[in-house]
Amino acid sequence: MGKDSSDLFGALFDAPPLARPPLVSVVSVLVPLPVPEAYSYAVPDGMAVMPGSVVQVPLGPRQVIGVVWDGEPDPRLDPKKLRPITQVFDCPPLTDEMRSFIDWVAGYTLSPPGLVARMAVRAPAALEPEPMVEALRYRGGEPERMTPARARVMDLVRDEVPFTRSGLSHAAGVSISVIDGLVKQGLFETVFLPPPPVVARPDPDYTAPRIEGPQKQAASEIVEAMQGGGFSASLIDGVTGSGKTEVYFEAIAQALRQGRQVLILLPEIALTASFLERFQDRFGAKPAEWHSDLAPRMREKVWRGVVTGEVRVVAGARSALFLPFEELGLIIVDEEHDSAYKQEDRVFYNARDMAVVRARIGQFPVVLVSATPSVESQVNGQSGRYHLVHLPTRFGEAAMPDLHLIDMRRHPPERGGFLSPVMLRAVKKTIEKGQQALLFLNRRGYAPLTLCRVCGHRFQCPQCSSWLVEHRFKGQIQCHQCGYAEKTPEACPECGTFDHLVACGPGVERIAEEVEKHFPEARTIVMSSDLLGGVKRMRLELEAIAKGEADIVIGTQLVAKGHNFPLMTLVGIIDADLGLANGDPRAAERTFQLLSQVTGRAGRTGLKSHGLLQTYQPQHPVMQAIVSGDASAFYEREIGEREKALLPPFGRLASIIVSADTRLDAETHARALRAAAPKVSGITVLGPAEAPLALVRGRHRFRLLVHGRRNSDMQGYLRSMLANGPKVRGTVHVQLDVDPQSFL
DNA sequence: AGCACGCCGACT
DNA sequence: GTCGGCGTGCTC
């Protein structure tokens, strides 16, 4: 069977040679629906489409955007009754490369291809070319009465270079009405100019690379590898401040010299003005941005620039991976370990992994970058799948902070407090020198749990049963799970006793209270996401801290990323063990990554700096990895643990992985599965984006991914699967012997 | 994904 | 008597 749709019609119309088959051509179109296949549409006379064409088609009562795909229309459909394509958008069709990528992602993530395709054509109004802009060109003659303002305009326009109305008024420093006056006198003709580019073109040789030693070596290794062309995957693994960005900037320069487009993926939070400025300093222009809260107008312009090839570099969040670049030649995935690369709704994917796939399909390099690589990437680095580039030292004047553990069993805090005397002494010394201390605790609010001393009542969320967290600044108790909040009650709702509520454990607000008690003179700031005043206030506070307008900063995760604080020479981790025992198989990895990031905030400007970690488990591999500065033993152990966790003994079936729209659904399905088959052990429940990764070493012989939202259906499917073996109808997909990394 | 239809509980 | 909750079905 060929791919040409004429085969199908051969089959349909061959038998009785009626009159002539009607001259109607039919194509497959991926529509934005969760259905497994493309739909078929008629192509009206005179309309030209090809695979990849972006079209508008009728779907039920509405019009939707679709993409012409290859593949044969369903033979059961009557071609005469097919609805026609409404219009073809005037934009370049998706490339073969892009279509292969979409098909691959849909297959791998078990997602409907139409929903994957939709991610590539999500800027609806951008599908038509941008209108030309009106401009004025001098056509000769003189103004009736010359005035100083008119003279300034005339000086500019005499060489007949066209200006837009507002451009001319700006350039001449006159008001619009002066221009209009001259237009009325017939001095100008209207011409149309192509719209201005969204961003200027970056120049690979705008400035010389500012790197030396190991960084230069690493950069030339990568650039050399790029010379030959073709696919390669590299992992740059370097401590905070080791010049990773400078190294991958050289890879970008090389791709630009080769005339290719570049995509830089960043976790949403890292897409900051400071990153864009750094890029501009090196390349003379900013990259185009792509993220969820880009203004619609800008989104269209960038999309358009990307397909036409006018935009050369995009810095974007995970969704940028699905932009239909004209000639993409390099992808950088910065902070590759960051969980923000996972999308866990609609189409479930990890942009980091899909970036590798896109590069493989397009035959160009991909560079993953992290100070604390994910365990998966570490495995791929060790096995040789990824080319490892290790940057062990800091770059320039920055020195690594001196890191120590505080064994809390030997140096306990005073009664009612949470800060060890060792920590307090270090803070004191730091602020005496006029430097800054950061106390990190990844817990918002005053206390994670509140209870009544009289009856033992614990404040629990009425909606989701997690503890309610007291926020003293706001006078509220809040649920950090679902957002439920109420005013902090004065009396116990259970026994009615007043003033007997007791806070258990620390949050940042409570640490602030303790700090103020010990250092009443110090300027103390609490930084957490519930800072009153929103993003604007937050930015101001961060700037103030950078300028040295605070002595002690107490913060949650929020302070871990991005910002540079030149005077920050002490980082104190208040509860380094927090997060190690939450049942997540990635708990240790996450803790290691977070703590590395936070301690990396110190010492980036040449001042001698320190990091102190309060812990009850000084022997824990995470603590050892952090203070020794050598993570290799930690990674070895993690890889082993991960394999044990993900490969439970399961008889002939290696394991069943249950994954659904949400982790919660997956848990529900797993419960149903366990109830239906009490003897089955070894059911692994993962979030959808994680399920394929679980097969990191490809040893599973069987996997089951459950997709669907109807819980009752799911339970039925699961039961019937157990009763009848893996022959299940409906929305349950079963794949046998899949090696998820077979693309490499 | 949207959106229509249809069936049961609590209200202007 | 209706308004509206969500469970179900359909889209070439």
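Glycine residues also receive a Cβ, built from the backbone N, Cα and C atoms like all the rest.
Since the structure is predicted, the reported quantities are computational estimates derived from the model, not experimental observations.
According to TrEMBL, the protein has these features:
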type    : residues                               : note
BINDING : A:Cys452, A:Cys455, A:Cys492, A:Cys495 : Zn(2+) 1 binding site
BINDING : A:Cys461, A:Cys464, A:Cys479, A:Cys482 : Zn(2+) 2 binding site
DOMAIN  : A:225-391                              : domain 'Helicase ATP-binding'
Integer Cα-Cα distance in angstrom, A:Cys461 (Zn(2+) 2 binding site) to A:Cys492 (Zn(2+) 1 binding site): 15
Average pLDDT across the domain 'Helicase ATP-binding' (A:225-391), rounded to a whole number: 92
Number of other Cβ atoms within 10 Å of the Cβ of A:Cys455 (Zn(2+) 1 binding site) across all protein chains: 13
Among A:Cys452, A:Cys461, A:Cys495 [binding-site residues], residue with fewest other Cβ within 10 Å: A:Cys495
Integer Cα-Cα distance in angstrom, A:Cys495 (Zn(2+) 1 binding site) to A:Cys479 (Zn(2+) 2 binding site): 22
Neighbour tally for A:Cys479 (Zn(2+) 2 binding site), based on other Cβ positions within 10 Å of its Cβ: 20
Other CB atoms within 10 A, centred on A:Cys492 (Zn(2+) 1 binding site): 21
In three-state DSSP terms, the structure that A:Cys455 (Zn(2+) 1 binding site) belongs to: coil
